[in-house]
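Q: Quick one: structure below, then a few questions.
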Amino acid sequence: MQWRALVLGLVLLRLGLHAVLWLVFGLGPSMGFYQRFPLSFGFQRLRAPDGPESPALGPAGRPGPPGGPSGPSWLQPPVSGAAAAAGRRRAPRRPEPGVCGPAHWGYVLGCRGRDRDEYEKRYSGAFPPQLRAQMRDLARGMFVFGYDNYMAHAFPQDELNPIHCRGRGPDRGDPSNLNINDVLGNYSLTLVDALDTLAIMGNSSEFQKAVKLVIDTVSFDKDSTVQVFEATIRVLGSLLSAHRIITDSKQPFGDMTIKDYDNELLHMAHDLAVRLLPAFENTKTGIPYPRVNLKTGVPPDSNNETCTAGAGSLLVEFGILSRLLGDSTFEWVARRAVKALWNLRSNDTGLLGNVVNIQTGRWVGKQSGLGAGLDSFYEYLLKSYILFGEKEDLEMFNAAYRSIQNYLRRGREACNEGEGDPPLYVNVNMFSGQLMNTWIDSLQAFFPGLQVLIGDVEDAICLHAFYYAIWKRYGALPERYNWQLQAPDVLFYPLRPELVESTYLLYQATKNPFYLHVGMDILQSLEKYTKVKCGYATLHHVIDKSKEDRMESFFLSETCKYLYLLFDEENPVHKSGTKYMFTTEGHIVSVDKHLRESPWKEFFSEDGGQDQEGKSVHRPKSPELKVINSSSNCNRVPDERRYSLPLKSIYMRQIDQMVGLI
């Protein structure tokens, strides 16, 4: 009986200790999120989306005492004014040496105090040339495996089903299947989308063969209803990129010329764009319809609602086409749509929503964030300026970037020091700036790359580390991730390129081999979890790694391309002396004076223009804004004194502290 009494005493003692910890420190057992974040991230207090705060929760979900922990700063409105200044004046709280502490991304996503020696051993060392060549060849082999299988089993259809080794086209039996029909137009999409990747990899014979196939077999005179945005970025953009590669007198990628080439790809691009123009007609705002039928125009039952990114991310491709043809029509309609959306932004916050009615101009979706529905709108404000030099584009981008920093960015001011949580960009109500939900989506991973283009490298490093830490956890990036619950909300991964793109651009900006290690991790994950019999398949579930039988065209046009360029230091993109920029679909465009000159310059001038009905109007000058960074060479290494530092630079230390995952 004595041993039973002893056991009972020990049990009661343990329960007593738990009770003390629970009452004094809030460290007792709990459900889900609290269990993972015992110190800094116990979300006992949560502001409901656009609603009042919930009371602080104590044990078993009961209301806790007043004045309890208020939760992480991501859930709190941004601090401004004197309070923000006071916060900046506080001495920063630096982490203990060698430990991934509670202020670091690595701790948030699983490090939890782990010693960083093993991490530093893996990530801080130089990346040997032999390993880089091996990874470059692996990236090329990944593209070749997917491309060859598409040509063998799917061409001339739009996409490859890599599990069953067959082709996929539009879903004629179900016109409402927009996931397929918005993208697939029965025009050999994967082949068209991959053209410039073939050139960048130096495969001149296959590039020339592919171009001839496109010229001979692809037609846009099809009874296909497609999304204007997808047709523009995937098809129109690729045709223009390949045309410029063929006609480039320098031929930096090798001999990519086509015998007897008579601008056929440019003519095809023109034909496609003309078929997309009806989307811009009969809208009271100038914002285009989301879809058109390539043969008949806007469908009679067309939706009057469109997303901001879909309507406002056409200017790069339409502008290039206009300037190559000397016809202002395409640039004008795309620019009119951008300005119409811009004029609908909130007067209070300067933010835009994600879904708008094209007839009334009313916001249907009031969420403002950096992911789906808005991502490429911001991207193309900056890239349009880089290509065309229109000052108004840069002014809009700078104003938008300030609003993003003021209302979407949460957490402490500095990336890796100070009080509070690491920075994160959240989804808010466009009018109030109040938090709408606690998830981010994978498309937002493009934003660090955009920040590189404007010179905000430190913030880019910090945000990239967050997405990479998620990748490290799952071996992929879930489509939607709930940062409060620390779990995916939407579990599939369709081989998206955004994290790879930002990794590549950050490496070009910092030359830090950490990003080569990141690229190697991504390559190995793709090989391990997505490779199937005839290509690479979408992950249906990032946790159990089940697959869907689809390989989207952007896997070859973007994901493989950025991985290859990351490891190919001697590529002409980096060494030819030509300045290049990538479209939102990863198509390469040389930045030159030709695109910055247009015979209709005054048409878009500050003192004149046309209103939405085509009447001549006087437009007042926009206020003078400070240029953040107008560099047009995304592969140029910025000021070497700042970014090309030794491995143990401030940026390496930030990454050590934020990721901290083995």
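A Cβ is built for glycine as well, from the same backbone N, Cα and C atoms used for every other residue.
What TrEMBL says about a protein is an automatic prediction, not a curated fact.
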Q: For which of the residue intervals 50-96, 614-660 does TrEMBL record region 'Disordered'?
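A: That would be 50-96, the stretch labelled region 'Disordered' in TrEMBL.
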Q: Where D375 (active site) and T584 (Ca(2+) binding site) are concerned, what is their Cα separation in Å, rounded?
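A: D375 (active site) and T584 (Ca(2+) binding site) have their Cα atoms 10 Å apart.
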Q: For E479 (active site, proton donor), what is the tally of other C-beta atoms lying within 10 angstroms of its C-beta?
A: 21
Q: Do you know offhand how many angstrom separate E230 (active site, proton donor) and E498 (active site) by C-alpha?
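A: Rounded to a whole number, the Cα-Cα distance is 16 Å.
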Q: Taking the Cβ of E498 (active site) as reference, which residues of that chain separated by at least 6 in sequence fall under 8 Å from it?
A: S442, L443, Q444, A445, F446, G449, L477
Q: Between T584 (Ca(2+) binding site) and E479 (active site, proton donor), how many Å separate their Cα atoms?
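A: About 18 Å separates the two Cα atoms.
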Q: Report the member of E230, D375 (the active-site residues) whose C-beta atom has the most other C-beta atoms within 10 angstroms.
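A: Result for the most crowded candidate: D375.
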